[in-house]
Structure formats: C-alpha cells, structure tokens
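K.L.:
Attaching a single structure in structure tokens format; questions to follow.
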Amino acid sequence: MQSDKVLNLPAGYFGIVLGTIGMGFAWRYASQVWQVSHWLGDGLVILAMIIWGLLTSAFIARLIRFPHSVLAEVRHPVLSSFVSLFPATTMLVAIGFVPWFRPLAVCLFSFGVVVQLAYAAWQTAGLWRGSHPEEATTPGLYLPTVANNFISAMACGALGYTDAGLVFLGAGVFSWLSLEPVILQRLRSSGELPTALRTSLGIQLAPALVACSAWLSVNGGEGDTLAKMLFGYGLLQLLFMLRLMPWYLSQPFNASFWSFSFGVSALATTGLHLGSGSDNGFFHTLAVPLFIFTNFIIAILLIRTFALLMQGKLLVRTERAVLMKAEDKE
C-alpha cells in the first residue's frame, strides 16, 4: 500500500544543488564583467538553497526515523562517497550567503568543514584496510577528499581566510593526484562500468575545473599560469565526456546525471574569469561560447528533472520495512 512507503532520497540527490548553485555563482560573476542583472545569478543561488534545505530536511528525517538505512548508505562501497555531498553543498550554500549575511555563512561553513573532514577521515581512511572492492572504484571516490577540500578552499577564499584556503587547496590537489591514476586504471582495464554507474563518470570532469575555481578564489582572481593549466586539463576532460556520450546516455534520464553539473558550472565560472582578463585572445574567445554551452546543459538538467518531478519519478519512495532494522520490522 502507498501508506507503507516513505520518502527515501539517496544522498546523491545533493548533486542537484552542486550544478544549480555553481551556475548561480557563474551568473553572479557575469554580472560583474558584463552588463547583465545580478538577479539571475541570485535567483539560481536561492533556488539551490531551497533545494538544499528540502534535501537536508529529508536526509535528517531519514537519519532520525530510519538510521539503519543511512548507515547502510554510509557503509556501501559506492554510495558512501556520495554522502559527502551533504557537507559539500552546505559549504556552497555558505558561499551563497556571504554577500547577504556573513555570520550565517561563517556558521554554515564551520559546520560543513568539520563534517567533511570528519567524514573524509572516517570513510577514506577506512578504504586503506584493503577491503575496498575493485569494481567499486569509480570517480565518486573524488568526492570526500577532492571535491570537499576544493569547495572548502573556495569558501575560505570567499570569507577571506586565504591561508586556510591554500591548506585545503593543497589537500584537494594531492588527494586528486593520488586518486586519479587508480580510477583511470580501473576505467581502462578492470571491466566496463555497469550502466547504473556510468553517470558517475561526470565527476571526472570536475577536479581540474573546480581546482581552477578554488585557486582563483584564494589568489585574488588572477588568471595566472596555474589557473590556465588547470583549465586546459578540464577542457580535455570535457572532450572525453563528449566522446563517451552514447555510452553513458544508454540509460533513461535520472537524477544521477547531475554528476556532470558541478564540472560544467565550474567551466562557466573559470572560463569567464580567464576570458575577462583581456579584451582579445584565446580565453576571451572561448568565454562566451563556453558560457552559452554550460547554461544550455544546466537548463536541460533542470527541465528534465522538473519533468521527472511532474511525472512522479523523481521522489523515490521505499517500503517502510526495507528502511527499518531487521529487529524493528515486526
């Protein structure tokens, strides 16, 4: 019966916040370099905050009512990485609040950074005991230590904590460099990813571009050599993603496609930063086409997600008994 089913949204749904707020930040920056209103950027940021609030409420409610289901997600070799999206999006929301209400931004950042560090220490260090299955090695492994530390650096830059931002940036960069060879080796040589996991490949687009965005946040926005090199590697990853489109589009659209969104939105922001540094040249030429392209991708994701919501296919409901501990099923 429908009454026996309860809302069960996996932590991966926080990925919707990543791309939405990331594009909001891109439009905020666009309003500084172009004669466009800041309201579009602020509107996307507010939309992302609302989505984050709803998802956070659902996640906390599930944690309180069905802690066993959250524990199962945290212990899952693949899904556990996506749980780290909760502190990641909390820190992005903190960045969104910086121009409006700094004390709240500091509180959200403080909470998010403590949670992300604690979870990364528990989850990632736990993988070092040699029991992580090879088939569970996917780009999702970037999330706890790479994405979260880059976002921490971005938040530090927005709040003016430059030295702390550099520390987090270093943690993210070296985590990225240590993980990428392992992940690429698995993708190349250890069997094809199952269809349901192929959209996790979208995360592969993010590290270089989010690292570039984090570096620009802590270096005062200077489009220096390092920023351009990171951007270049991000563009190369974009070409790889385009090449593999038929492969990961072999499944119907679902919320997991938002894994591409944070890298895409970071492409927009970093492209604008580098392009606004001059009135001509390579980056100036790329800035507008890339900005249009990224807006097109995010718009498609928003429209398709809204369609899923209207069709009743977005909000996952699960039998109550499945979410309860075995001893509580009676």
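Placement of Cβ uses the backbone N, Cα and C atoms for every residue, glycine included.
Note that the structure is predicted; figures quoted are calculated from it, not measured.
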K.L.:
Would you confirm whether, in Swiss-Prot, Arg65 and Ser276 belong to the same side of the membrane?
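P.N.:
That fails: Swiss-Prot puts them on different sides.
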K.L.:
Can the transmembrane segment (162-189) be said to touch the transmembrane segment (195-218) if we require at least 3 CB pairs below 8 Å and skip pairs under 6 apart in sequence?
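P.N.:
When sequence-distant Cβ pairs are counted, the transmembrane segment (195-218) touches the transmembrane segment (162-189), since at least 3 lie under 8 Å.
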K.L.:
Would you mind listing the long-range same-chain contacts of the transmembrane segment (195-218), meaning Cβ under 8 Å and 6+ residues beyond its ends?
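P.N.:
Cβ under 8 Å, 6 or more out: 78, 138-140, 142-143, 146-147, 150-151, 153-154, 156-158, 162, 165-166, 168-169, 172-173, 176, 180, 183, 187, 226-227, 230-231, 233-234, 237-238, 240-241, 244, 247-248, 250-251, 254, 256-264, 266-267, 269-270, 273.
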K.L.:
What is the total of other Cβ atoms whose distance to the Cβ of Phe262 (site 'Important for gating') is within 10 Å?
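P.N.:
Around Phe262 (site 'Important for gating'), other Cβ atoms within 10 Å: 32.
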K.L.:
Which secondary structure state does DSSP assign to Phe262 (site 'Important for gating'), in the simple three-class scheme?
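P.N.:
Phe262 (site 'Important for gating') sits in a helix per DSSP.
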